[in-house]
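Asks: This is the structure I want to talk about, given as structure tokens.
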Amino acid sequence: MRALLGICVLALVTPAVLGRTMDRCSLAREMANMGVSRDQLSKWACIAEHESSYRTGVVGPPNTDGSNDYGIFQINDMYWCQPSSGKFSHNGCDVSCNALLTDDIKSSVRCALKVLGQQGWSAWSTWHYCSGYLPPIDDCFV
């Protein structure tokens, strides 16, 4: 029983161990290198700050509909990624939710751009924090 408890605890903390914590500049530079428009980078930095504190390995607590949000941009598993549990997902980004928890943010960025294209910035519940002040990113490229 004790071994089972240890395995369960390990399974719960594994995504946090696999992820990394970025900052506004490391995120802005990586996204710019991936071709994301520079005029959007402050907005993405704001979303990442408020959704995950720039942490890539975060799985959010269950939402009221039972879904969870994954990764640096907290992408929802009911609509955008396939959870490892096998529960139904529309999987609009055609990606596993676990792929959104790794150090490599390419899958997260691709999926977030798709969400933005279909739902706009208001797809993120924290967007209201970003509609006024945006974190500066110009100093990230000096």
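Placed from the backbone N, Cα and C atoms, the Cβ positions cover glycine too.
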Asks: Can you tell which of CYS81, CYS111, CYS130 is bonded to CYS97 by a disulfide, based on Swiss-Prot?
Replies: CYS81
Asks: DSSP says what for the domain 'C-type lysozyme' (20-142): how many helix, strand, coil residues?
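Replies: Residue counts for the domain 'C-type lysozyme' (20-142) by secondary structure: 56 helix, 9 strand, 58 coil.
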Asks: Please report the distance from the Cα of ASP69 (active site) to the Cα of CYS111 (disulfide bond), rounded to the nearest angstrom.
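Replies: Cα to Cα, ASP69 (active site) and CYS111 (disulfide bond) are separated by 13 Å.
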Asks: Relative to the Cβ of GLU51 (active site), which residues of the same chain, six or more apart in sequence, are found under 8 Å away?
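Replies: Spatial neighbours, sequence-distant, of GLU51 (active site): ASP69, ILE72, PHE73, GLN74, TRP124, THR126.
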Asks: Could you tell me the C-alpha distance between CYS130 (disulfide bond) and CYS140 (disulfide bond) in angstrom, no decimals?
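Replies: Here the two Cα atoms lie 19 Å apart.
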